[in-house]
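Annotated features in Swiss-Prot:
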type	residues	note
REGION	1-60	region 'Disordered'
COMPBIAS	17-32	compositional bias 'Low complexity'
MOTIF	36-41	motif 'Nuclear localization signal'
SITE	H77	site 'Interaction with E-box DNA'
SITE	I80	site 'Interaction with E-box DNA'
SITE	E81	site 'Interaction with E-box DNA'
SITE	R85	site 'Interaction with E-box DNA'
DOMAIN	143-215	domain 'PAS 1'
CROSSLNK	K259	SUMO cross-link
REGION	458-493	region 'Disordered'
REGION	508-588	region 'Interaction with CIART'
REGION	511-596	region 'Disordered'
COMPBIAS	511-521	compositional bias 'Low complexity'
Amino acid sequence: MADQRMDISSTISDFMSPGPTDLLSSSLGTSGVDCNRKRKGSSTDYQESMDTDKDDPHGRLEYTEHQGRIKNAREAHSQIEKRRRDKMNSFIDELASLVPTCNAMSRKLDKLTVLRMAVQHMKTLRGATNPYTEANYKPTFLSDDELKHLILRAADGFLFVVGCDRGKILFVSESVFKILNYSQNDLIGQSLFDYLHPKDIAKVKEQLSSSDTAPRERLIDAKTGLPVKTDITPGPSRLCSGARRSFFCRMKCNRPSVKVEDKDFPSTCSKKKADRKSFCTIHSTGYLKSWPPTKMGLDEDNEADSEGCNLSCLVAIGRLHSHVVPQPAGGDIKVKSTEYVSRHAIDGKFVFVDQRATAILAYLPQELLGTSCYEYFHQDDIGHLAECHRQVLQTREKITTNCYKFKIKDGSFITLRSRWFSFMNPWTKEVEYIVSTNTVVLANVLEGGDPTFPQLTASPHSMDSMLPSGEGGPKKTHPTVPGIPGGTRAGAGKIGRMIAEEIMEIHRIRGSSPSSCGSSPLNITSTPPPDASSPGGKKILNGGTPDIPSSGLLPGQAQENPGYPYSDSSSILGENPHISIDMIDNDQGSSSPSNDEAAMAVIMSLLEADAGLGGPVDFSDLPWPL
């Protein structure tokens, strides 16, 4: 016993003595004790539970049943979730089959993309929702062909289908021959833009364009991150598939050209007129519709681009739009007068035309823009309208013209009556433009002698009758220019420009004189313009019409080359003697404004002769020797 005690004490002393490994052993011992405690506790609990199970077999059975119930509940939940996912997938597949854009896809789409396309399809159909479907339009006793013939007969036009991507004519009815004189085989497969007027191509492209085919609007696949090719994307309702379209455009008419031979004019002009295709105004009404390319049965040039995309087309009926001339109102029924509004520059050129002018004049607004109004006035009315032009530029009051004739598109004339007023810039105190309200005058009003509408015979004389015809010789006749119907004056577009320059020159002279400091530059009617004896002055006849002195023209120039309207610079003055300014001064060495105008007239003659619009140019009118 003593030896055993000694061994125990020595062991304890060795254990308690400090050493290099004491700290490590102590830390390990401490953690080991804790672990042993935990293990002992857990083993004790497990032992107690085992003892309890041995003692109570019912508790062990309940534990097993509890574990079984948990396992069964998990399996039932998994089955429920699986059935829910399967049902949701079946619904999404069914939804994808109902949406046209998803149905046309070559690959399977993810769920998010299908839902997006379905939402966009519902937005597209929202604007076209009606209590009746497309099939209900047609009665049951009518076939599709019979309905098509009835619609074409009632519309008095032709049916056409145009692809929105390239403007290709996919279908056109046989009735197009009655309007455009083209057969059905001539147009199918061709580009619509080849038969449109160049100024109307951009307008038609705007009508054909839709956000359906815009690449920047395509959806993104949630899985791959790549853009999804689709034909239905968010956008304004008027740009979605199924939106209605209504627009005017000019299309070529295959009319047989009439060969006109005139030896008095260059052959180049007649060739240009003969080769030029005539156009007619077509009113197209329809809507955009999409079909999958597999249902169209068409050969696409680029299958890679068309794969997975619907074919968006314009289905429309084209009708020949003829200008409307109002019928006389019978009895005491008062109807609103037919009128349109136009805006002109100070030289008379159109800068804005109301859309109502198309129904009255048969011109589209873009046809009139940039042209002078004097090109459409009858030559008998130019004198009165030129005087009104001067008055509206000099006063702030509204000027009402007499009834005058205006040339419409078919070459005939319509009677109009206009109210003009000028708009002055409040800062620059200069006239910016002229606003004209043009009213159609009915034939019965002219015949009845209504005092509010003066007779055409009561208008001032033409500009030729206001001026002397020459040195006692006969009055010069106006040559007929190819392509310009009779009744209008050749080169009349220069009249407005010369009137504007005349008024601006008077304003400049009055503005520079000391006596005009206290007066407005517009109130120039009280003081007469400068006399022709002054350098660069102009001699004005009654009504403000400038005269040409006899010394301003060379002898015999007024009778030379009567067949060529622009043979030389003097012929330009001879065509419009009523608005011509004294371009040639007696002193040819002075640098007056008239010399500059004479030089400009010679340059214009050179340009016209180079373009084939005139004959040889006579340089004798130049104010300086060559």
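Just so you know, glycine gets a Cβ as well, placed from its N, Cα and C.
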Cβ neighbour count within 10 Å of R85 (site 'Interaction with E-box DNA'): 10
Length of the line joining the Cα atoms of H77 (site 'Interaction with E-box DNA') and R85 (site 'Interaction with E-box DNA'), in Å: 12
Around the Cβ of I80 (site 'Interaction with E-box DNA'), the count of other Cβ atoms that are within 10 Å: 10
Secondary structure content of the domain 'PAS 1' (143-215), with strand meaning DSSP E or B: 40 helix, 14 strand, 19 coil
